[in-house]
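Following: one structure in structure tokens, then a few remarks.
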Amino acid sequence: MRTSIATVSLSGTLTEKLTAAARAGFDGVEIFENDLLASPLTPREIRARCLDLGLGIDLYQPLRDIEAVPAEAFARNLRRARHKFELMGELGADTVLVCSSVDPEAIDDDALAAAQLRELADLAQGFGIRVAYEALAWGRHVSTYDHAWRIVEAAGHPALGTCLDSFHILSRGSDPKGIEDIPGEKIFFLQLADAPLPAMDVLQWSRHHRCFPGQGGFDVAGLVRHVLRTGYDGPLSLEVFNDVFRQAEAAPTAVDARRSLLVLQEEVGVAQPPAPVVPTGVAFAELVTADAEPLTALLGGLGFTRTARHRSKPVDLWQQGEARLLVNTGTAVRRDGTRLAAVGLESPDPPGAAARAEALLAPVLPRRRAPKDAPLDAVAAPDGTELFFCDARLADWRADFEDVGEPAAVAAPGVRGIDHLALTQPWHHFDEAALFHRGVLGLRAEDSVDVADPYGLQRSRAVSNADGTVRIVLTVQAAPGDDTVHAQHIAFATDDVVAAARRLRDAGVPLLPIPANYYDDLAARHEFADGELETYRELGILYDHDEHGTLRHCYTRTVGRVFFELLQRDGGHRGYGARNAPVRLAAQHAVRTPTALTSQP
Ligand SMILES: O=C(O)c1ccc(O)c(O)c1
Ligand SMILES: [Mg+2]
């Protein structure tokens, strides 16, 4: 099906928006009047620009508060409409949107609304234009799609149809099943947007918090299925009013938008990209650093040993249990200080995973590999993290490394493997990141949780595979913050967090100190065995539990932009310690030291 996007969904000038939409592969756009008014291009030049870019103008949005008004007001409205129809001739746009009136003077009279829309449609027809009437969720008298359709039906004019907008329909709690009662040829346009639940004031909700389908809580795909059953064959058009997208760069937003529609088209069965290949484990996490010493001291304290070195590159493999870390000191990667740059995902079908990623517009990374190296398929996640698709038996990348003779640590109680990776997202890529990990990698996304930070708010959302062998926590800050606090982290699974924490401390590696108040509160909320709480207090171990079991975890200091977590899950605990996160964030702010900052080369 044809895909479109409303210019209001992207940031920048009209030209920037059109370019971004075209580059992302959209077939057409809805042009918002304000974008046209603010453009230095004439309507004819805009038409030519769209033609050059291969974009159709599927909808023009200038007409508001048209219908159900006294006769003199309607005469003025028709005069305004005539001007806009002439302009649309220059633009080459043949469908105009009319939103249901929000005018306090509008009259609650469906027959009047129908008669005036009929007259408007008659005028439009003379210009070769169709009028699509849309119920705004906050319309004065018409606020539901079925009401708008009854008026369109009563008007009975061939140039008058309805425009369905998933936001207005689903935000009102209307049953989208009724869409199937509308003949497909009378649905002139379909606008798609998702939005987070629960609701707020509907106007604020619509104007600031819409998101691309799959990024919110609406069943947009379910609605589209109803629309397709009517025989509708017009475009699927994204109309997303969102404060973040208005500020973010248009090009990646447009790609995010197209990916959302690709996933939606797959869900409703009108597109068949290569099937998702869900990763089955974390093969490795790659840290880059200019100064490996603070990092390797930490890894040594955690019980890791350096087991192998890359044959041609300054990359060491550090290993413990099933946790494999690559420490890369190559000069090409020094710019941003110590950070988590890449993740190797074990895949049952690496080429299939890469084909899926490419079909869903993930940037495929050039293979910057030596001739003898295993050819790994890799894509970039929205935050720039490189994701490598690796053979699940480690048969590929591991062969590029030569053993250095130090066997992997076996010291119990140690790190068993990687429990999860926490990746900080740029503020404007958070929703995109969740959809990316779900759509491209086939991971399941949990609800997002907000965590209080002393200087802001942190939002996080976990994505994982079914058996929890791949867990990624996507986090974002509400405001620009401190990289030493809002760093990425790697959480290591251990079967004995107390012993692991003791060993770290005994190795002279400081753990993150947790305030005494936290433990006083724990004592008030839970009963512990003798001495248990004192041990947690002494080591800085945090505690949580859910209906499945307990979570005990502690944190290292931050090196550059990464820190580590030791984590013990018992009884199938599923969480990530969100309840403890405010205390941890405050503790990280408290230990921010010049050393932490200067350890970033
Ligand atoms: O918020 C609005 O005014 C508005 C305008 C046009 C639309 O198609 C819409 O869904 C909302
Ligand atoms: Mg709309």
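Backbone N, Cα and C define each Cβ position, glycine as well.
As annotated by TrEMBL, divalent metal cation binding site applies to E134, D165, Q191, E239. In the three-state DSSP assignment, the secondary structure recorded for E239 (divalent metal cation binding site) is coil. Just so you know, the Cβ of E239 (divalent metal cation binding site) picks up 27 other Cβ atoms within 10 Å once every protein chain is counted.
For H420, H489, E565, the entry in TrEMBL reads Mg(2+) binding site. When secondary structure is read from DSSP and collapsed to three states, H489 (Mg(2+) binding site) falls in the strand class.
The domain 'VOC' annotation in TrEMBL covers 281-392 (among others).
For 417-557 (among others), the entry in TrEMBL reads domain 'VOC'.
As a whole-number mean, the pLDDT of the domain 'VOC' (417-557) in this prediction is 91.
In the three-state DSSP scheme, E565 (Mg(2+) binding site) is classed as strand. Comparing C-alpha positions, H420 (Mg(2+) binding site) sits nearest to E239 among the binding-site residues E134, D165, E239. Within 8 Å of the centroid of the Cβ atoms of E134, D165, Q191, E239, where the record puts divalent metal cation, the same chain has further Cβ atoms from A6, L97, C163, L164, S166, F167, H168, F189, L190, L192, A193, S237. Here the domain 'VOC' (281-392) is broken down by DSSP into helix, strand and coil counts: 23 helix, 46 strand, 43 coil.
Residues from the binding-site residues list (D165, Q191, E239, H420, H489, E565) with a C-beta closer than 6 Å to any atom of ligand 2: D165, Q191, E239. On the backbone, the CA of E134 (divalent metal cation binding site) and the CA of E565 (Mg(2+) binding site) stand 51 Å apart.
Every protein chain shown contributes to the tally, and the Cβ of D165 (divalent metal cation binding site) ends up with 26 other Cβ atoms within 10 Å.
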